[in-house]
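Enquirer: Sharing the record's features from TrEMBL:
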DOMAIN    1-132  domain 'Creatinase N-terminal'
DOMAIN    305-519  domain 'Peptidase M24'
DOMAIN    533-593  domain 'Peptidase M24 C-terminal'
TRANSMEM  618-638  transmembrane segment
Amino acid sequence: MRKANIDAYIIFAGDEHGSGYTEAADKKRDWLTGFQGSAGTAVVTTDKAALWTDSRYFQQAEEQLDCKNWLLMKDRQKDVPTINKWLISVLTATRKNVGVTTRFATVNWWTTALDELQKNNNITLVSVDDLVVKIWTNRPPLSTQPIVIHSFKYAGEDINSKLNKTSGELRRVNVQSVIISALDETAWLFNLRGKDIPYNPFFKSYAIVHVNYSTDKPELFLNVSQLDSEARTQLDAAGIRYQNYNMFWTRINSTIENSTIKKILISSKVSAAIYSVIPNEKLSLQNSPVQRIKAKKNPVERQGMRACQLRDAVARMKHLGWLEKQLNNNIKINETESAAKLLEYQKLQAEFQYPSFSTISAAGDRAAVVHYSPVPETAREIRKDQIYLLDAGGQYSDCTTDITRTHHFGRPTTLERRAYTRVLQGVVDLASTVFPENTYGRSLDHLARMHLFKDGMIYGHGTGHGIGHYLSVHEGPQNIADQYNQYEEPLAEGMFVSDEPGFYKNNDFGIRIENDVEVVVANNKSNYTQTRFLKFNTITILPYERSLIDTSLLTKEQIQIIDEYHSSVYDRLKDSLGDDTDALSALQTRTSKLEPEPPTSVAPTQPTSAAITTAHTLIQTMLNSILTILFIIISIYLF
């Protein structure tokens with residue numbers, strides 16, 4: 001830092017492409033801080049070190065961070081300053097240079113920092129080389145895994161068709177070129193897959209695509225030596241100019257200097273380094289057209305997304321049957337052993353490649369850690385008297401999955417059942433809704449939360465995210481959340497999203513249920529305004545945890561929906577489980593018809609406003625009665 005003449009340095013979690021997962025060589029923040037959560041930014045000054053992360057990772061950060069040397073900043077909590085406000089408070093009048101490696105900073109972060117730090121507080125943002133790499137002596141090597149084609153039988157569309165759609169979007173917004181840096185977008189556009197990034201079939205790459213792509217050939221920048229012969233042949237046939245990764249920075253300057261190119265489109269996903277070199281008069285900052293096209297799956301992709309759910313469910317059901325048998329036989333199984341066994345079953349399924357994220361296998365109070373990731377050294381035993389949450393997904397050649405089920409293998413508490421049922425009501429109500437075209441996911445988010453609100457419960461994460469097709473398990477521009485996102489786009493036919501409300505009681509238990517759903521056309525019996533309506537089709541084929549359902553909280557319609565779902569799950573899974581009696585038994589138990597039960601109640605830990613109002617009413621009524629009796633007694637005595 002002294003050599004770079006800076007007083008603070010910011011270390012981001014992502015790579016140059018804003019990837020959610022990064023390869024080992026890019027885990028610089030992890031190496032420096034010890035914290036391994038996917039979201040979090042570190043800041044180092046000459047005498048302080050701090051890390052910001054969100055509510056999903058508070059508990060994980062407390063466990064992994066060296067709190068003697070690092071300050072944990074719980075983002076968006078009361079009295080916790082933002083990074084910029086903290087820098088303003090700790091930097092002195094003579095120490096005001098903040099170093100940033102702009103290839104790792106997002107456009108949003110950079111523009112906000114320019115306003116809050118540089119313009120308003122005279123703090124200078126300095127673009128510097130990657131300082132962590134200079135001190136990371138045992139840094140792992142970069143990936144050299146092969147880049148291969150994604151077969152047309154899975155993709156359902158060739159490169160030329162995708163380029164034509166992209167060109168159409170560029171014409172629509174009157175833009176001549178687009179710069180693509182998101183790895184799922186380059187993989188999708190060029191029908192290629194790689195293994196550079198854990199849990200994702202991506203390869204490090206950039207692309208520049210022009211509106212007249214047939215004459216101004218699309219450019220793809222990657223490690224050319226990683227391309228196998230079939231991939232080279234495919235790119236050559238499509239007329240793609242593929243060059244080495246580092247050539248991108250030369251070619252972007254050539255694109256900027258081209259006088260026929262009046263506007264260059266970049267998305268908020270690109271780095272501040274790209275944003276900074278494009279002149280304002282040529283800059284068009286908006287959502288990537290590739291992201292928008294990719295999110296609306298073609299018919300072949302849709303069929304793949306549906307079909308592989310059965311294979312994924314077979315693996316989950318066989319695992320559940322196995323786990324339940326082990327616990328019933330008093331055989332000790334811990335979190336990592338359970339996750340490893342699930343992977344064994346997943347590997348038996350056709351087209352399976354690897355998990356789509358690090359499996360969340362969480363027992364007891366660890367289920368309250370939203371993105372908990374077990375390790376063998378500290379893996380906890382799964383017990384029959386505790387909640388067990390399993391959030392897992394798969395990358396298949398024909399789809400990507402992301403499914404969560406919360407289990408209990410003994411007698412759950414009244415609160416656990418109530419919380420689970422409130423979450424389940426949210427899953428059901430969101431999946432059952434019908435909505436007009438051009439509806440944003442944020443408009444539907446309350447459907448997943450409203451039943452939890454009745455019991456003073458809430459969760460801090462989004463309700464749903466887009467799901468890719470053998471790509472990223474998290475994709476946009478669609479999502480379902482309770483916060484405004486300027487880059488969110490409306491739900492549309494052919495999109496796939498998750499439906500995953502939850503509830504987390506710190507140091508006790510956590511509940512989450514997650515299904516994958518497809519956005520489809522709703523064929524309403526009546527349509528008085530000729531409006532096109534959409535709905536969700538649940539494609540996940542996995543039962544809920546019967547012992548955790550409190551039917552006294554459910555409406556008749558919800559009971560009917562759950563029973564119909566379970567009937568369908570049973571019919572579709574029973575023949576695929578073969579002679580696995582343990583899996584069949586677990587399936588049959590969990591898909592049995594729901595039976596009515598008397599209402600239960602849980603004493604709230606804190607009085608709700610409704611409870612306070614009721615108490616006030618009762619007290620007032622009692623006082624009025626007492627005063628009336630006293631008045632009668634006094635009247636009799638006097639008269």
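Note: Cβ is positioned from N, Cα and C throughout, glycine not excepted.
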Enquirer: Which numbers of helix, strand and coil residues does DSSP report for the domain 'Peptidase M24 C-terminal' (533-593)?
Expert: 38 helix, 6 strand, 17 coil
Enquirer: For the domain 'Creatinase N-terminal' (1-132), what are the DSSP-based totals of helix, strand and coil residues?
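Expert: Final tally across the stretch: 44 helix, 27 strand, 61 coil.
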Enquirer: For the domain 'Peptidase M24' (305-519), report the average pLDDT of the model, please.
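Expert: It averages 97.
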